[in-house]
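Before any comments, here is the structure.
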């Protein structure tokens, strides 16, 4: 017999609802207000992948900023007598064909990859947000022109475009030019994502409310529409940081990237090609460094996407 | 349908003009003299410079140069490589090889990607699913040249299963290893796309209806779930085919596959500016045409696209 029926009672009687009517109508004001970002943070901090990728990224940033903390060997000091020697004798990972210390070169190459990644991401985010926001918010001919412009840049695969730019600018090759070459063709994806999101947001009630109280269009865009449609842009930006690092390494590998005097994983991998049979670690080790860096940014991007997108959360 | 195709074709025209203009602009309107750059460190006599300028129409105003270049493309004339061979002739030899490689790669990623994605999606949260999510994450973050070298080292040198280089006139089985390497790039994406799509479809009402009217699992999975999950996957595969036709540069270079990509790779290494431009233009055109076909394919597969404005 169910516990809420007394022996003397013939029928089921629901217990008296003791919630006072006032409590139903009042808004819980003492609790912390939640929004997309606090929900996302609550979701993210429960996931081990978030902590692993953040720890790796912090480590990578520290290595890039203070390489001297991790090695006392000069990466440019090479002795041909040590060519292709294995680890030992003060060298952690051995020497490459030129007799340079592999470990030291990996440590000093970190900042190159990370700077290219950050500059490209900054460029892609600013161009993408600028064009995407204008196209989505103002619509009409602004949208038509900007979207077609984006289509043109989008339909050239950006590695090929970067190859063309870099083979033209070969005398000026540097971290800045290579970032420009990658970024200038990578922004349309971000612009498209933001445009679609703004189209969804701009008809929301809060935009109409802001218009009704006389807020200017530009101010609505910046204060109300953009903050509410920026989530997918953040996701795509994290992932574009990873692809920019890969793009730099690929261009350097193809020989149209950074000049060989710049310490870069792509350059080291490119130069180690001929030693694949004799001394594979000169090729494998920088590749591992590159892959781990890319993996940590992609992992972070995945976690952030899952946290910001309820649909992705449901599929987990 | 005919209206949709016509509209899509019309939309492609400005993009086509824009992309060719952009590539041309990037090369010939930038600071630095491309003709002098061709000679590297050496200083060529002025007569030679003059002759090269005339040959590539560089003595004419920029817009005339572009129009001549564009006119050439429409007549199938993509310029001449450094060795004096017309680019269209090189393409005729190299294109079939790249096509074979791309078809092989797409077949590999299709078979493995869809199978693994389907199993993961049906057993969401299981051990198989969890381990393949990790594997796909790692595969996504490996740059293609790293995969290529590791494959070359392990399967070509240490195990000796495949030849490490392909070379001209090689039999099709030599293309298997480069095709596997190419396939790994998108394999992970296809697994994820299939998985997400299967989970999505599996939760739909018509699947529940099929189950409640007593259909067996063996009929529901292939007929109801898989078929309806494949639309995004098929379109992704088609787009990927375009990317493979274009982006095999690195893989073909490493495995010495005599395709379009390797020719571009060698042109880049030798610093042959005009050849690089011709090839990139051709590749972008291929990419655009394939994307156009993909859009049409999408309309055939998914009636919702066709009837929407």
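Glycine residues also receive a Cβ, built from the backbone N, Cα and C atoms like all the rest.
Sequence annotations record features per position, and here TrEMBL assigns domain 'ABC transmembrane type-1' to A:110-301.
Annotated transmembrane segment per TrEMBL: A:50-70 (among others), in sequence order.
Per TrEMBL, the feature transmembrane segment maps to A:114-137 (among others). Sequence-remote contacts of a segment are chain residues at least 6 beyond its ends whose Cβ falls under 8 Å from one of its Cβ atoms, and for the transmembrane segment (A:114-137) they are 60-61, 64, 143, 146-147, 149-150, 175-176, 178-180, 182-184, 186-199, 202, 217, 221, 225-226, 229, 233, 237, 240-242, 244-245, 247-248, 293, 297.
Residues annotated as transmembrane segment in TrEMBL: A:149-169 (among others).
Residues annotated as transmembrane segment in TrEMBL: A:175-194 (among others).
According to TrEMBL, the feature transmembrane segment maps to A:229-254 (among others).
The feature transmembrane segment is assigned by TrEMBL to A:283-304 (among others).
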Decide whether the stretches the transmembrane segment (A:229-254) and the transmembrane segment (A:149-169) have at least 3 CB pairs under 8 angstroms, with pairs required to be 6 or more apart in sequence.
yes
For the transmembrane segment (A:149-169): best-contacting stretch of A:50-70, A:175-194, A:283-304, by Cβ pairs under 8 Å:
A:175-194
Who are the long-range neighbours of the transmembrane segment (A:283-304) in its own chain, taking Cβ under 8 Å and residues 6 or more past its ends?
40, 44, 47, 49-50, 52-54, 56-57, 60, 93, 102-103, 105-106, 109-110, 113-114, 117, 234-235, 238-239, 241-242, 245-246, 249, 265-266, 268-269, 272-273, 275-276
